[in-house]
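To start, the structure itself, in structure tokens.
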Amino acid sequence: MTSISFANELLRKGVHFTSILIILVYAFMGKQASQLLLITYLVLILGIEHLRLDRGFKLPVLHVVLRQKEKNAIGSYVYFTIGALIVISVFSKNVAFAAILMTTFGDMSAALVGKRFGRIRISNGKSLEGCIAEFIVDLILAILLLGNPFISLLMAFTATYVETTFVKIDDNLAIPIFSASVAELVLLILPML
């Protein structure tokens, strides 16, 4: 992780709280309403990215929370929105909810715990302490939403593995897609056993 302050990391992760809105819209207004919200938001942020990357506009809050690698590249919030749209569209409701919340709160706990308490470096500059925090948060979220400890364990492991090891694919896109794929695959296979 590039070095941004703890306060900026907190602000950066606060952007992910939009995931709660996505889930609330889906829960109370339906899948299509959440898809419409995500598509609208995606168009808006792609416009912002165009202004930022192609026109050189520096947006005050956005400029502060971008990591160094995002200064001249698409921001992670675009990948998060695409990932959320895919899992909402493709996977069952509770699996999609778990995948989105794991991306939000698991990733947030990994970053904040790693930044504050991380001492043991493992992969890609990530800390063991951050990985453990993410795994615990992911596992709790999955158990609460899915109720199946085995699937929850696999989903949490997948999300933590993706967060820790993936470099070329943004984790905000990869975590929801991979963790939801594992959960759905196991849900399909389990009844056959």
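Using N, Cα and C of the backbone, Cβ positions are placed for all residues, glycine too.
The transmembrane segment annotation in TrEMBL covers 10-29, 35-53, 74-91, 97-114, 135-161, 173-190.
Among residues of the same chain six or more beyond the transmembrane segment (173-190), those with a C-beta under 8 A of the stretch's C-beta atoms are 79-80, 82-84, 86-87, 90-92, 95-96, 98-100, 102-103, 106-107, 138, 142, 146, 150-151, 154-156, 158-159, 162-163, 166. It is 35-53 that, among the stretches 35-53, 97-114, 135-161, forms the most Cβ pairs under 8 Å with the transmembrane segment (74-91). If you look at the transmembrane segment (97-114), the same-chain residues 6 or more away from its ends with a CB under 8 A from one of its CBs are 1, 6, 9-10, 12-13, 16-17, 19-20, 22-23, 26, 80, 83-84, 87-88, 91, 126-127, 129-138, 141-142, 145-146, 152, 155-156, 159-160, 163, 171-172, 175-177, 179-180, 183.
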